[in-house]
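Novice: There's a structure below that I have some questions on.
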Amino acid sequence: MTITTLITLARPKSSTDRRRSTLLVAAVAVAGVFLLAGQRIMGLGSVDGAAYSTYLTEDGLRPGVVTAVVLLAAAACALALQALRLGTAARDRRLAALRLGGATPSQVRLIGAAEAGLSGLLGGVLAGPVYFALAAVLQSLPQVGRVLPAPALGDLVAWPVLAVVLALVASGAGGLLRRQLSTEPRSEPDRAGWQARYVTIGAVGTALVVLSLMSFGFVRIFAQAAGVLLAASGFAPVAVAAYGRRLERSGDPVRMLAGGRLLHTARSVGRMLALLVICGGVVGAVLAIGRDYQLSDRELTAHGDFIYTGLGFVALLSLFAALAAGVAMLAGAADDLLDQRSQLAALNVFGMGAAQVLRSVRIQLTGPAAVAVGAGVLIGGGLVCSFQSRVDPTADTSSVVVFVLIAAAVVGVLAGALAALATGVLGGQVRDAVDPANLRTT
């Protein structure tokens, strides 16, 4: 296979392919920006204390900033992996057709790797301008807000190297996702056992959180974070499947349709909901810490700018990650509509039109998103209150607990309302999916 043929076969062919490629490019670009920022901060030498934020000038705080940036890059990479999974059914059918047409398994994997690698390379190339623009904007902020140093000559060297590395990683992930491609349609998807595996993962995470709460230590804070991550990743897909089964038992056809789609996409939706839980947990922790310092008379309140600047940046970055997860959920819903367009067109013939299908999509997205974000705020705020009560057993945390409960309810409702509004952008995809002309393709 020549390079020209490989690139031609790897280029996006449909609206779903273009949507997946765009989301992958954006996710890789965001990951590249964070990685460039991390290497710049890590290589920063001694600087003037008046030039940048205390988070950069203090040697003891700088490794923590680098760690946070790397974790954000990892979250962006997780979003990129989810983008690679969009359109799996339609893309696998296209690649299976190539396989049946004479392409070898290695050539099929090579096409998948090239498809992901091209998007990864473009994302790595875009990461440079975005990073330089972000650094320039942050230099215009007051001293307390300059959490990113001015670009240096080394960034111009790191940028192309990082672009190549991101392209190679993306192509490797794209090739691995094609390793289990089947050329024969399976009559029954692999349902047996996956819920048990996810419940086991969630139980391990819950046990880790409970064990870390039994004793005090700063190292156990990281154990709690890992436990919450495992618990959210394990229980979210199972909860989505349970919610889908509940909707399927409803007498409302619209809710039954939403439940069927949730059961079909329980694992992919659950992964995005797990990310929303983590983002909500970060927001809940930030709100609890901020409220505690606001009510306390500790010496730390004298450094309010330092405390609130860090909390503000953490909250903004977690909101960005939540927005990215929401975009991935919308893209997945659009892909699901495209994959089921023949069935939806048949339902339209029997009276279920675009309005009802759009309402089912809204039910599919709003409830899980609201519960995930609200639960995350409650978990994050609750862990902070538990930590504070062990640091100072005489402290009264009841007001902070009440504040966290109210914040969880408010943020959850806002997340659900935002998800309901966001489903409006799928109106065009819904109308295309229910078009009776789709029946002619079957």
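Each position is counted from 1, following the chain as shown.
Cβ coordinates come from backbone N, Cα and C, glycine included.
Pulled these from TrEMBL:
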| type | residues | note |
| --- | --- | --- |
| TRANSMEM | 21-41 | transmembrane segment |
| TRANSMEM | 61-84 | transmembrane segment |
| DOMAIN | 68-174 | domain 'ABC3 transporter permease C-terminal' |
| TRANSMEM | 116-137 | transmembrane segment |
| TRANSMEM | 157-177 | transmembrane segment |
| TRANSMEM | 198-219 | transmembrane segment |
| TRANSMEM | 225-247 | transmembrane segment |
| TRANSMEM | 268-290 | transmembrane segment |
| TRANSMEM | 310-332 | transmembrane segment |
| TRANSMEM | 344-361 | transmembrane segment |
| TRANSMEM | 367-387 | transmembrane segment |
| TRANSMEM | 399-422 | transmembrane segment |
Novice: Kindly report the helix/strand/coil residue split of the domain 'ABC3 transporter permease C-terminal' (68-174) according to DSSP, in that order.
Specialist: 91 helix, 0 strand, 16 coil
Novice: How about long-range neighbours of the transmembrane segment (399-422): same chain, 6 or more residues beyond its ends, C-beta under 8 Å?
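Specialist: For the transmembrane segment (399-422), the list is 276, 280, 283-284, 287-288, 291-292, 295, 322, 326, 330, 362, 365-367, 369-375, 377-378, 381-382, 384-385, 388.
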Novice: Using Cβ distances below 8 Å and needing 3 or more such pairs, separated by at least 6 in sequence, tell me whether the transmembrane segment (116-137) contacts the transmembrane segment (344-361).
Specialist: no
Novice: By Cβ distance under 8 Å, which residues at least 6 away from the ends of the transmembrane segment (310-332) in the same chain are close to it?
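Specialist: Counting only partners 6 or more residues beyond its ends, the transmembrane segment (310-332) has Cβ contacts under 8 Å with 19-20, 23, 27, 30, 55, 68, 72, 75-76, 79, 82-83, 86, 147, 265, 268-269, 272, 275-276, 278-280, 282-283, 286, 289-290, 365, 369, 373, 415, 418-419, 422-423, 425-426.
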Novice: I'd like to know if the transmembrane segment (61-84) touches the transmembrane segment (367-387) in this structure, counting it as a touch only when three or more C-beta pairs sit under 8 Å and are separated by 6 or more positions.
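Specialist: As far as Cβ distances go (cut-off 8 Å, pairs 6 or more apart), the transmembrane segment (367-387) and the transmembrane segment (61-84) do not touch.
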Novice: Same chain, outside the transmembrane segment (225-247) by at least 6, Cβ under 8 Å from its Cβ: which residues?
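Specialist: Result: 194-195, 198-210, 212, 255-256, 258-263, 265-267, 269-271, 273-274, 277-278, 281, 363, 367-368, 372, 376, 379, 383.
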Novice: Let me spell it out: take the transmembrane segment (21-41), skip the flanking residues so only those 6+ beyond its ends count, and list any with a Cβ under 8 Å from a Cβ in it.
Specialist: 12, 56, 62, 65-66, 69-70, 72-73, 76-77, 79-80, 83-84, 86, 115-116, 119-120, 122-124, 126-128, 130-131, 134-135, 148-149, 151-152, 154-155, 158-159, 162-163, 166, 170, 324, 327-328, 331
